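Straight from TrEMBL, the features:
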TRANSMEM  41-61  transmembrane segment
TRANSMEM  82-103  transmembrane segment
TRANSMEM  139-158  transmembrane segment
TRANSMEM  218-241  transmembrane segment
TRANSMEM  261-283  transmembrane segment
TRANSMEM  304-323  transmembrane segment
TRANSMEM  329-349  transmembrane segment
TRANSMEM  361-380  transmembrane segment
Amino acid sequence: MYVIESKGGAITCMLLALLFLGTWPAIMTLTERRGRLPQHTYLDFTLTNLLAAIIIAFTLGEISPSRPNFITQLSQDNWQSVMFAMAGGISLSLGTLATQYAWAFVGLSVTEVITASITVVIGTTLNYFLDDRINRAEIIFPGIACFLIAVCFGSAVHKSNAADNKSKLQDFKSLETTSSFQTDTNPETNGLAKKGTAAFLIELEKQRAIKVFGKSTIIGLVLTFFAGVCISLISPAVSLATNDQWHTLKNGVPKLNVYTAYFYFSVSAFVIALILNIRFLYWPILGLPRSSFKAYLNDWNGRGLSFLAGFLCGFGDGLQFMGGQAAGYAAAGAVQALPLVSTFWGIMLFGEYRRSSIKTYILLICMLFMFIVAVAVLMASSGHRK
């Protein structure tokens, strides 16, 4: 089993995890905006997410013979720790599924801001006490405060941007009656609408899988807060699985290594995702069209992107847990500064905040600044597990 010994190695893992975990939501959002049903996307996503955990377990989990390796631990009497790991996987599956629908209603950036901030406030606080305070309280709690400030700015950004979009659309009475002469198009891009214009928003609504015009953003916010609570319980569950702080294992039974815990975590996430998404194929929610398992198997539009998103999430979670096991899971909460990455992709790929007001841009800059401060502070709180 490969073990990270240094604080520098742990921080490297957390930075890579931040990049991976901030990128895969953008890829999932891209497939939805191109019209692919989220049920199809998530089924592909969960397959490669599990495959990433298997790859990590059979490589990093089997390197050294001097410690309990992955295969050895599969036959040990450690079911109590396994249950904690699987509970974390269930939380991941429910939280990820909720965010996939929330992105359509409130946008990628705002969804990531709120879920990440809830995760840090709840999850990092729980991890601080579970890890026997190996992270420095005088540093870590100001970092949590920075996330709270960031979520306030995130809410303000959403409100301001929603008002901007409403202003752009006020001249369009309905989607069906909009003519091509009313829209702001760009002749240099074969008549495609310019990002940030009313025409762009209308074209997006016509193409995307989840229709959001005329629906309250309250739906998206409820899904976002639910996802944040679910995701906040993931790393505390993995911490309990790998460190046995509640002393549930029998005497002499080794604690789960991080790779075995992550394997069980991913298996439970896969099973829950499979059950829920097959159910949503035949009984969809939020007005999505009905599908079937046969239709899913035949849908290759965007499948490669969905597979890529699953790999990024899988390796990102694995890196987060590796860094957390070495430097403390509270410090690993720094990877929840996902909006630093997802907002970049939201602007570059989807034209979010294009042609918005000065007020929206100022709030956006303040939000991103607070996330940068939060990441620096939380990583500075890194400890060393004995």
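The backbone N, Cα and C atoms fix where each Cβ goes, glycine too.
All annotation found in TrEMBL is predicted automatically rather than curated by experts.
The recorded stretches the transmembrane segment (82-103) and the transmembrane segment (41-61) share 3+ CB pairs below 8 A when only pairs 6 or more apart in sequence are counted, and are therefore in contact. Below 8 angstroms of C-beta separation, residues 106-107, 109-110, 113-114, 116-118, 120-121, 124-125, 128, 217, 330-331, 333-334, 336-337, 339, 360, 363-364, 366-367, 370-371, 373-374, 377-378, 380-381 of the same chain, each at least six residues beyond the ends of the transmembrane segment (139-158), sit close to that stretch. Of the two recorded stretches, the transmembrane segment (41-61) lies close to the transmembrane segment (304-323), with three or more CB pairs under 8 Å once pairs fewer than 6 apart in sequence are set aside. Between the transmembrane segment (329-349) and the transmembrane segment (218-241) there are 3 or more Cβ pairs closer than 8 Å, counting only residues 6 or more apart in sequence, so the two stretches are in contact.
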